[in-house]
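Undergrad: Shown below is the structure under consideration.
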Amino acid sequence: MKHCILFIFLFISYCANAQSTLWFYDDFVDNHSNWPISESAENRYALTNGAYTIEVKNSNPYWTCKQISMNADKDFSYEVLARKAEGDEIADFGIAVLGKNGTVYQFRINSEKQQSWVGAFKKTWKSIINNTSKEFSSNDYRTSTSIKKDTALNKLTLRRQGDEIIFLVNDTEVFRGGYSKNFERFNGNFGFVVANKMKMEVEQVVFKQDNATNILPDMPPYLKKESMGAGINTTYDEVIPRIAPDGKTIYYSIKNHPENTGGTSDSDDAWYSQMDENGNWGPRKKLPAPPNDIGSTYVVSALPDNNTLVMNCKYYDDMTVIPEWGLSIIQKTDTGWMLRENIDIPDLSSKSKILEMAMSADQKVIMITLKKKDSYGERDIYVSLKGANGKWGSPFNIGNVVNTKKDESSPFLAADGVSLYFASEGHPGFGSADIFVSRRLDDTWKNWSTPQNLGLGVNTPGWDGYYNIPASGAYAYLTSDQNSLGLLDIIKLNLPEVAKPKPVVIVYGYVLDSQTHKPVQADIVYRNQKTNKELGIATSNPVDGSYKIALPAGIAYTFMARKRDFNAVTETIDLKEVDKYEEIKRDLYLTSTKKTEPKEQPVSQPDTKQTNPSQPTEAEETVSLNDLLFDTNKFALRKESITELDQLVKMLKENPKMAIKIQGHTDNVGNDMYNITLSQNRAKAVVKYLTSKGISSTRLSSQGYGESNPVADNTTKEGRQQNRRVEFVIIKK
């Protein structure tokens, strides 16, 4: 009785430029490769003590094969490090390979007798000897002293070189025969064979073949895939995972779940899970209805502020779904969710019924899969950009570096705004669709780096997609049916550094009322400090005032909290030298512009703070302009200071009755009179700039204090920098 168990298997290359590329390596420290594990009265397959064990309990031969996504027309090398752990003297073990018409080819050794045998089985047994196929005979075994005796480890190697098949034991050739003459074309199924009663232990498997697949360099041989567990996964399909940029909330769809808004006939509802303080994922929860509705409703993108979601549909004002293609942005309220806006994208038409979208973290870009007249074949990735007028542009094709004649799908733009992860059936890979990464090279959105395959750690022989990562890039989340609870499950894998996007900093904190310290729901707008270009927007939580923004490293930023009836507050942060993921806390305080009763306290001695650069505050409170920069011993404003001052201009124009006093300060380098004069000139330079922007001089006054009011230690470079400052005092609201 003969048995063959076929399992799909696929191998990775992490050495793309090598003469013989390593496609797979397994040392069986765990079952990440999904080898069959089972036991019956006839045999046992197990993973024990770092080895894959095949035990045959009778005299029949058994073989187990897995499919390698290989090129059958190219040379290859398949190596197995194995031993006979125990068994009969006549027992053989070795390599099994399937031909395209179902013939099983076996390359076996007997370590007791130091003999090898090559043959085939299809209804009858045949030996392949002297480059000829013949009826099997026990005399067809060949003796070789290269075979290590008894329970010693033996390295078995099967190679194709041109039109020859070579079998080696411990690097010594024991068989050579014509490929086309003696063998059917191999169909990619490779594995192990055990003949007669014995136990075989496999300690290592390696497959090598030159391949055109452009693998991301330095990827390890495999990445451990972990199920998200029964708290998140079910026996139904879990798809479209969307991890929040901070990595602490995951949204996803469960198909046809009985608890969906429309029950089992409801194709998609949005569910989520949150991570606790110990890093454990909580039980799944369904988003309420609305935003869930009967039909397909799921999260397209989770935005960095943790208070805003992009949905796959449009809504009426009452949050019922509009039956047409499109996207919407919904925002968390103190009672649920509300529609912030429906997104109208011109020319959103496609010859394909499948429409996939993803919004960038800065809410300025939407990646879309469409099939249009200018597509290169099937679905391509297009991009729609948000204009300065707030309207979205028509989608345009991002070009044939990324797109191919076949399907590109499930695009995801990382928080760095540069790294595009997507699935492709057209680029060379391991399965029907693999996940690739390409980096944006400029702001045209048409120039991209050559896509690189993420390898077997991510990809399988089947269709791979829905790849999603947080801003840190620590983990990737995707969908898989391997070892699932039922159908498709969400899994995660720990990413190596090479697979991560460019560094991003999460800035987080609370937006609070400066008088009451109660939370304020406000917009947080962030800009390039040098150019003053708006780069993105976030919203703080209406319940606790919390906010988060994701800022790609490499430049300096200003970010401003703003809300009607409050004075705007601006912070700055320099990320030019950041080279790894970070999280930085910054609380923002807003001051109401509504008239309040004066405080019963003296105003002659203001409480000086080193705080937000243009933080609106109560009368007589001193606020530092943190990024007002001057060259040493000079009072001319530097270009980098303009963004800071423009925020102050904006605040003064929004509050036409407000009057302020500009105060200049220096460090202790130089004599007293020189420093007083220098500080006065710097304060006057600020007043001059404000009046040039239309602020009446009657609302402005200035004074220089020299080195008399330090806020830091003048013995250090950093302290002197802090003391060279300009502040303003609100003297009238």
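Backbone N, Cα and C atoms are what each Cβ position is placed from, and that goes for glycine too.
These came from TrEMBL, pasted as-is:
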COMPBIAS  602-617  compositional bias 'Polar residues'
COMPBIAS  700-714  compositional bias 'Polar residues'
DOMAIN    618-733  domain 'OmpA-like'
REGION    592-623  region 'Disordered'
REGION    700-723  region 'Disordered'
SIGNAL    1-18  signal peptide
Undergrad: What else in the chain is close to the region 'Disordered' (700-723), if you only count residues 6 or more beyond its ends and a Cβ gap under 8 Å?
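TA: Contacts with the region 'Disordered' (700-723): 608, 610, 624, 659-669, 672, 675-684, 686-687, 690-691, 731.
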Undergrad: So, by DSSP, how many helix, strand and coil residues make up the compositional bias 'Polar residues' (700-714)?
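TA: Across the compositional bias 'Polar residues' (700-714), DSSP assigns the residues as follows: 0 helix, 5 strand, 10 coil.
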Undergrad: I'd like to know the mean pLDDT over the domain 'OmpA-like' (618-733).
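TA: On average, pLDDT over the domain 'OmpA-like' (618-733) sits at 79.
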Undergrad: What are the helix, strand and coil residue counts for the domain 'OmpA-like' (618-733) according to DSSP?
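TA: In the domain 'OmpA-like' (618-733), the DSSP-based counts are 47 helix, 21 strand, 48 coil.
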